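Listed in TrEMBL for this protein:
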- 1-33: region 'Disordered' (REGION)
- 314-407: domain 'Transglutaminase-like' (DOMAIN)
- CYS322: active site (ACT_SITE)
- HIS381: active site (ACT_SITE)
- ASP404: active site (ACT_SITE)
- ASN444, ASP446, GLU493, GLU498: Ca(2+) binding site (BINDING)
Amino acid sequence: MSETTNTNEEKKKPPLNGRRAFPSNNSNDEENEVPEMEAFGLIPRGFNPKDYLRVVDINVFKEPHEINKQQHHTDKYYSPKLIVRRGQPFQIQIDFSRPYRPETDQFWLEYLIGRYPQQNKGTYIPILVGNVLKPGEWGAKITHKENNTIRLSIMSSATCIVGKFRLYVAVWTPFGILRTHRNMATDTYILFNPWCPQDAVYLDDEKEREEYVLNDVGIVFHGNINDIKLRSWSYGQFEENILDACLFLMDKAELELSGRGNPIKICRVASAVINSRDDNGVIAGSWDNTYTYGVAPSAWTGSVDILLEYYSSKQPVRYGQCWVFAGVFNTFLRCLGIPARLITNYSSAHDNNANLQLDFFLDNEGKVDTKLTKDSVWNYHCWNEAWMTRPDLPVGFGGWQVVDGTPQETSDGMYRCGPASVQAIKHGHVCFQFDAPFIYAEVNSDIVYQRREKNGTQVIEKIDTTHVGQLILTKEVGGDGMMEITEEYKFQEGSEEERLALETAVMYGVKKQTTQDTTYQPQTDVDMEFQVQKAVLGSDFKVTITFRNRSRNYYTVTTYLSGNIVFYTGVTKNEFKRHSFSAKLGPLSSSTFEVVIKSSEYLSDLLDQASFHFFVTARINETGKILAIQKATVLEIPALRIK
């Protein structure tokens, strides 16, 4: 029997379940029918819509040289549609059938996205015309009136959904609402806005925005630590249809439209959909040198062909390796307006069992036993960093976040990785989501070589603490050179702070494990407290670290303190204080140590509304156990008394 289009329509509808009144709204592509006349009741016979205000034309100033794309830094997109960034005003013009009379005429704008628009989900946005625009909130005001034409300035919310919206203009009449018909020409793409201080992806440096959002070419460092090679990569985020392809990736990942204003969620689902494992995502990986029926990973020179092929075929594109996943991921992020960069880590560890060390098992001849050894070290591995605030974490962990689209290990049941705060990784605070222990191991795990004796006992032959994560690079801002960012991920190799951070990571990272031999026993007989004296702008202030030894033992502790300046958004600007010391703790006693923070140490870096974020990490040397605290504190501004 031949299928009619009708049954096809039926098939598309997701089954309703008992818990939600609306089906899931996770496609930006699907639409609903919007009535052009929404009657309030019976319409009297003499009613003629032409008697009322009628929209004749809408101009959204969408050409690359016109005001909107110029002001919103979207003039490079090869697209005939309007593309704006959220939290920043844009202009449109409406021509009516007669002059608009504010006393009697009432009209409003409606932006809709997806098939089931709902106001409380941010997928149906009615905008009334008012007198003022509030920064970062939806609104519209008339800026110009002439004859039958008005000009509107429209502000979008700094947290609104990122995607393609449909625009309708609605006019109120006593008998019902009259709407403009569906007009594709006024479709409006709304993107993330790194230029807007209220946006979660706000980046305060213009040179960095030009590099990490607007640059459509880049360099991938590869090779190995003794022979660094580079290849150029074309991101092509502004090319024709790439924006639609990137929005399609979120549809493919079935991310609810209401979650698409959140860069954390978008990065997390994108890291899964970039690879083809478990969801038929964009790129199929292949590491065995046979690339039949596909393109060898080293033959790609950019992301555009891959994304366009996937967008049209909906089938994984063959083949990729780490830099291909990272190159395409970078295109996706920059295209949506999330600042992003591609990172290369030389001697990158792949910790198979998340114990934060690499276990290399040796056979009787001292060679690595490949059957037993599951962990591995790659010459290099590429991933991405995306810039955003992390309101889901404590203050101080915003800024660069690691995201990785290469399928290595599963996370919550899928091949994905991140976002994980680079700052949290540096200090070993890997308890903060997502996947920080795995990334920590990639840049700073120890390699433990062990041999099994004849009687079955494991003997540790040697521990290599410096091999993993020897060099971490990205392309410099505004040029083609390399910029080393190893220091962002780890303290100086071999330093006391680096060891303490590693041990902190092991403490936080291995706790989750249930296998008996690795359960972490914390130090229960020593407490550490950290107090910050009230900090007033321009004055020195003290921080105190107190150890309470409740045991009858003498202990010695090795401690480091790191002080960082943080934007009010929770993003770290830089470290302004580093201090290490050793101390003796007598039995059954408290010991207090003061560290003075001088105003000269923090004043040069200060930002308005800034706060401080401190890490204190201590090791009890006799037991090897770690105590760790991180705490944020606000700087008080002295009151001005004017006499």
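In case you wondered, yes, glycine gets a Cβ from its N, Cα and C as well.
Listed in chain order, the extra residues whose Cβ falls within 8 Å of the Cβ center of the Ca(2+) site residues ASN444, ASP446, GLU493, GLU498 are SER445, THR465, THR466, VAL468, GLY469, LYS490, GLY494, ARG499, ALA501, LEU502.
The subset of recorded positions (ASP404, ASN444, ASP446, GLU493, GLU498) lying with their Cα within 10 Å of the Cα of CYS322 (active site) consists of ASP404, given in sequence order. Remark: ASN444 (Ca(2+) binding site) has VAL468, GLY469, TYR489, LYS490, GLU498, ALA501, LEU502, ALA505 as non-local neighbours, by Cβ distance under 8 Å and separation of at least 6 in sequence. The 10 Å shell around the Cβ of HIS381 (active site) contains 25 further Cβ atoms across the protein chains shown. A separation of roughly 10 Å, to the nearest angstrom, links the Cα atoms of ASP404 (active site) and HIS381 (active site). The residues of the domain 'Transglutaminase-like' (314-407), classed with DSSP into helix (H, G, I), strand (E, B) and coil, number 15 helix, 41 strand, 38 coil. Across the structure, HIS381 (active site) and ASP446 (Ca(2+) binding site) place their CA atoms 17 angstrom apart.
Long-range neighbours of GLU493 (Ca(2+) binding site) (same chain, six or more residues apart, CB within less than 8 Å of its CB): THR465, THR466, GLN470. By a simple count of nearby Cβ atoms, those within 10 Å, the most crowded of the recorded positions ASP404, GLU498 is ASP404.
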